[in-house]
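A.B. asks: This is the structure, below, for whatever I ask next.
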Amino acid sequence: MNSLRYLHLAFGLVSLLVGLIMAWPLFNQSGPVDFSAVSATMAIFIGLLNLQQFNNTNQANLTSQLSGLVLLISSLVPLAALLLNPAIDELLPFAIGLSVAAVCALSVSTLRQQWPRRTKKPATSKGSRKRKSSRPGKTTPAADSGREQGQVKWFNASKGFGFISRDQGGDVFVHFRAIRGEGHRVLIEGQSVSFTVEEREKGLQAEDVDILS
């Protein structure tokens, strides 16, 4: 949009200058108003209109299209005015080049506005692609971080508690409620189990006990 604003400024000044040049001889002559006076007035009007568009920074879609139309007309008015005034024939190549440049600049600016902008897709992390789904049943120690392995040292089925010998050394207390399953669960001496260790009031205790074999 800034390119359109500066084009309005440039061609507004040119149209205003051409209109003033054509209107200058009219102040020194008397008689009916001819076509050159109308062309001069139109050039001045178009120049002022372009200068007003330069000050308009907030343009909606429809206003932008009207702005482009005004810019196109303003590029053709100086050409028509110079063609009708034989007194300034030396400026004719400049007027033609200016009009062609205006049409090209307007086309380039319109294409830039209509060109689709590329939007960057948010990068997905590897962790979001590989989401681990929790499945019911037995889990291996590799799948559960922080789990340990051990063997049942002894377990009192009637009282519902016992001890597990940890592979890394030492024993840990286990209660039947910490064993996976339903009802009154029991462990058998020598069974391989996996579990987590939690700190309780009476010391370390095995939790989430899973029977491996």
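Any Cβ shown, glycine's included, is placed from N, Cα and C.
The following feature annotations were taken from TrEMBL:
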COMPBIAS  116-135  compositional bias 'Basic residues'
DOMAIN    147-211  domain 'CSD'
REGION    116-149  region 'Disordered'
TRANSMEM  7-27  transmembrane segment
TRANSMEM  33-51  transmembrane segment
TRANSMEM  63-85  transmembrane segment
TRANSMEM  91-111  transmembrane segment
A.B. asks: For the domain 'CSD' (147-211), provide the mean pLDDT of the predicted model.
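C.D. replies: Reported value for the domain 'CSD' (147-211) is a mean pLDDT of 88.
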A.B. asks: So, by DSSP, how many helix, strand and coil residues make up the domain 'CSD' (147-211)?
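C.D. replies: Computed counts for the domain 'CSD' (147-211) are 3 helix, 39 strand, 23 coil.
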